[in-house]
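Novice: Shown below is the structure under consideration.
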Amino acid sequence: MLRSQTCGELRISDVNKEVTLCGWVARVRDKGGMIWVDLRDRYGMTQLILEEGKSSAELLETSRKLGREFVIRATGNVIERVAKNPKMPTGDIEVKITALTILNESKTPPFLIEDETDGGDETRMKYRYLDLRRDAVRKNLELRHKVSRETRTYLDANNFLEVETPVLIKSTPEGARDFVVPSRMNPGQFYALPQSPQTFKQLLMVAGFDRYFQIVKCFRDEDLRADRQPEFTQIDCEMSFVEQEDILNMFEGLVRHLFKTVKEFDLPEVPRMLFADAMKYYGSDKPDIRFGMKFVELTDIVQSQGFQVFDEANLVVGINAEGCAEYTRKEIDALTEFVKRPQVGAKGMVWVRYAADGTLKSSVDKFYSADDLKKIAERFNAKPGDLMLILSGNGNKVRGQLNDLRLEIGSRLGLRPKDKFAALWVIDFPLLEFGEEEQRWFAMHHPFTSPKDIDAFMKLPFDQLGSVNANAYDLVINGVEVGGGSIRIYDRTVQNKMFEVLGFTEEEAKAQFGFLLEAFEYGAPPHAGLAFGFDRLCSIFGGVDSIRDFIAFPKNNSGRDVMIDSPSVIDDKQLKELSIDVKVADKGRIGIPNIIEETFNVKRDTSKDDHNITAN
């Protein structure tokens, strides 16, 4: 070994020891008579010292050649520091150098390798190997490792087997486009990279592996939005001979284990909420329950008073911002402008102020008497000091707008701290949703989700299938969907019916999923599962919004790896071997002709998926 200790382990008890350290030079301070070198490695930082008149001339000369990020090997004696640094674990000691070797020099880095860096995102992504030297980034990857390790510990203790599933699979598009891989041995044919191991884990259940898991890379070729990655990681799980309650208990146990071991936080028992209630009271299928402000419907008591905006709305609904009656007009106007932003889309906002003296005043006093305002306040269960904020319009749309307002108010009031955690199971999703434009049914989750009432699903008329609920569940933490899954269909007749409802012909279903349908004829057990968004889970534990901070080598928001310049053009020889002709569609992009894009019959708002799970 080139070193005897790391740069993070020496303490006052090590004084008088001779040690050898290796690492990167963080900074050099030359005060003439004294030279200090801060040496950094993955484990921490240690201060090295040389002294004019006591250190050899050769050592002093070598030390004065050092620059930022030089790799060195230093041998010396541990001594007690005169000016201790309580902010450093090694701050009680320093190493008086007796030998110094430069193992490698370094160009001047393009940004400061410090917790507070001056490097922009693109620069840090281009030089990611330098960014990874920063303590903040290193800690994120250590946390990711810990989450991975503790996941395996819990699942192994519960008799789960970690089984790897194929990466080169058949293209069965699952809500987004597949990444396709040409087959040289089979000209004109393509593999796809998996968006999820969905069908393979179901086949493992058919094979008798009753408890499976995998921490697995998945891929989705979709239009990128902020904080999305074309490749992402799932904790993918499946169980046989279970009901929904068994799944919820098992994986609530996993999440509580992770909070305990990773965050040293005792997560309370996770409550359950019906999808219908989540939408009614929070306007979202992933409500943030760290704070209250449930929606209150007012339609029946505010219409027919001459206020046209309310009279023409099919829903009038609001929230009570407790203790906010002292908001200035400027602050209220700022909230009005917030809801009128294109991203929210409301036309305006009505407010009712319940002053500390008990009087009520609103932005629509012209239409509502004091008694009317009192009825509104009573409906909100408001008290003096509260501020009621009201939106109106189309039902589903206005609930979404009020959800945005609720979260904004919660953030402004400090009710959504990163170190506070509230988890929630959302259950009983609709099985299907009807696309008015396409005039057909789409699966709310995916086509392998079992109806809660199978008999009703099989017997109801086509136009009444919207009343059937799914045996599906999502885990939400702090308003972020971190995982989800379902009880699976395991009977071929039911699965065929699902494909039929979704608009598949018998031939299309057989071509895409014939292998699964056939497997169901060989004794498929009842089974269920879910997948957690591993990257998103790590970001929640780390208290940051970006999943990119927890991925060693992420892509940028354009799906590019600017460090290795990928994706890139491949040479003509490779294309010829693959029997592919390439047509340049526009600058910087290539198109492969004669590949028909197929759309999988899943309709879900993936713009609001936080962890890139398409099938789980």
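Heads up, the Cβ atoms here are built off N, Cα and C, so glycines get one too.
Quick paste from Swiss-Prot:
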| type | residues | note |
| --- | --- | --- |
| BINDING | Glu174, Arg220, His445, Arg488 | L-aspartate binding site |
| REGION | 198-201 | region 'Aspartate' |
| BINDING | Arg220, Asp221, Glu222, Gln229, Glu481, Gly533, Phe534, Asp535, Arg536 | ATP binding site |
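For each feature listed, report its degree of burial, its nearest neighbours and the pertinent distances within the displayed model.
Specialist: Sorting the region 'Aspartate' (198-201) by DSSP state (H, G, I as helix; E, B as strand; all else coil) yields 4 helix, 0 strand, 0 coil.
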Novice: What is the pLDDT of the region 'Aspartate' (198-201) when averaged and given as a whole number?
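Specialist: Averaged over the region 'Aspartate' (198-201), the predicted model reaches a pLDDT of 96.
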Novice: List, in sequence order, the same-chain residues at least six positions removed whose CB sits under 8 Å from that of Arg488 (L-aspartate binding site)?
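Specialist: Those within reach of Arg488 (L-aspartate binding site), by Cβ under 8 Å and sequence separation of 6 or more, are Gln202, Met205, Phe448, Thr449, Ser450, His527, Ala528, Gly529.
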Novice: What number of additional C-beta atoms lies within 10 angstroms of the C-beta atom of Arg220 (L-aspartate binding site)?
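Specialist: Within a 10 Å radius of the Cβ of Arg220 (L-aspartate binding site) lie 25 other Cβ atoms.
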Novice: Starting from the Cβ of Glu222 (ATP binding site), draw a 10 Å sphere and report how many other Cβ atoms land inside it.
Specialist: 17
Novice: Mind giving me a neighbour count for Arg536 (ATP binding site)? Other Cβ atoms within 10 Å of its Cβ, every protein chain shown.
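Specialist: Around Arg536 (ATP binding site), other Cβ atoms within 10 Å: 26.
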Novice: Give me the CA-CA distance between Glu481 (ATP binding site) and His445 (L-aspartate binding site), in Å, as a whole number.
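Specialist: Between the alpha carbons of Glu481 (ATP binding site) and His445 (L-aspartate binding site) there are 13 Å.
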Novice: Rounded to the nearest Å, what's the C-alpha distance separating His445 (L-aspartate binding site) and Phe534 (ATP binding site)? Just drop the number here, would you?
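Specialist: A Cα-Cα distance of 19 Å.
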Novice: Provide, as an integer number of angstrom, the distance between the C-alpha atoms of Phe534 (ATP binding site) and Arg220 (L-aspartate binding site).
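Specialist: Just about 15 Å between their Cα atoms.
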